[in-house]
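Each remark here refers to the structure printed beneath this line.
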Amino acid sequence: MSIDNNITVLSMNIRGIFSSKKKRLDIFDWVRGKHASIVCFQETHSNEDIEKLWQDEWGNTCIFSHCNNKSVGVSVMFNKGLDFKIHDSKIDQKGRFIVLDLSLYEQRLTFVTVYGFNTDEPSLFSDILHNITCYTNTSILMCGDWNVVHDFQMDTYNILHNRNLNSRNKIEKISQTFELLDPWRTCHPDDKKKYMASNLSYQAESTRLLFIK
């Protein structure tokens with residue numbers, strides 16, 4: 001994927017922002033300070049009733065996939081000043097993924113954000129694969145909290161078991177089908193990924209992935 005303008009994507013699991021306005025606004029302010037072009041949240045714990053309020057609080061276009069106000073949910077939020085156009089969207093009705101047919105500065109691409117199951121549910125990634133194939137874009141960007149690791153030895157922190165193997169195999173099929181790359185791993189082939197826990201009261205696991213073509 002080649003875009004003349006610099007595009008940055010921030011993806012994070014926020015563990016619910018429905019019940020606490022303070023937490024929600026604090027997260028929005030923190031994210032704005034990162035100056036990301038596109039922000040993807042997982043575990044929003046949202047429903048349709050909040051869409052206008054959250055979009056007003058954010059200050060620009062937001063796309064949501066809801067489950068309920070106590071679990072799951074993902075969103076894609078666009079920063080002010082970004083030149084983009086959404087041509088079409090595939091919104092999971094269970095709050096697990098969003099697939100967008102999108103133009104960024106006139107570059108057409110398929111943009112995907114995912115919140116995977118804690119259990120091994122490869123059918124989720126079959127659904128995502130099906131929705132990606134609805135578009136003919138040659139550029140694809142996928143991000144999110146997959147609850148799956150690509151390389152157990154290199155890409156994990158504080159995970160004792162190599163779990164969700166069927167889901168991982170399905171993700172590998174998606175990666176191979178569309179010739180996707182993990183950009184961080186491509187630039188750092190021999191380094192273990194470094195992770196940061198935002199809440200020191202727990203030991204963080206990391207199962208985040210970003211693929212790009």
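The backbone N, Cα and C atoms fix where each Cβ goes, glycine too.
The annotation domain 'Endonuclease/exonuclease/phosphatase' is assigned in TrEMBL to 10-152.
The Mg(2+) binding site feature in TrEMBL is assigned to Asn13, Glu43, Asp145, Asn147. Taking all protein chains in view, 19 other C-beta atoms sit within 10 angstroms of the C-beta of Glu43 (Mg(2+) binding site).
As annotated by TrEMBL, site 'Transition state stabilizer' applies to Asn147.
Helix, strand and coil counts from DSSP across the domain 'Endonuclease/exonuclease/phosphatase' (10-152) read 34 helix, 51 strand, 58 coil. With the fewest other C-beta atoms within 10 Å around its C-beta, Asn13 stands out among the binding-site residues Asn13, Asn147.
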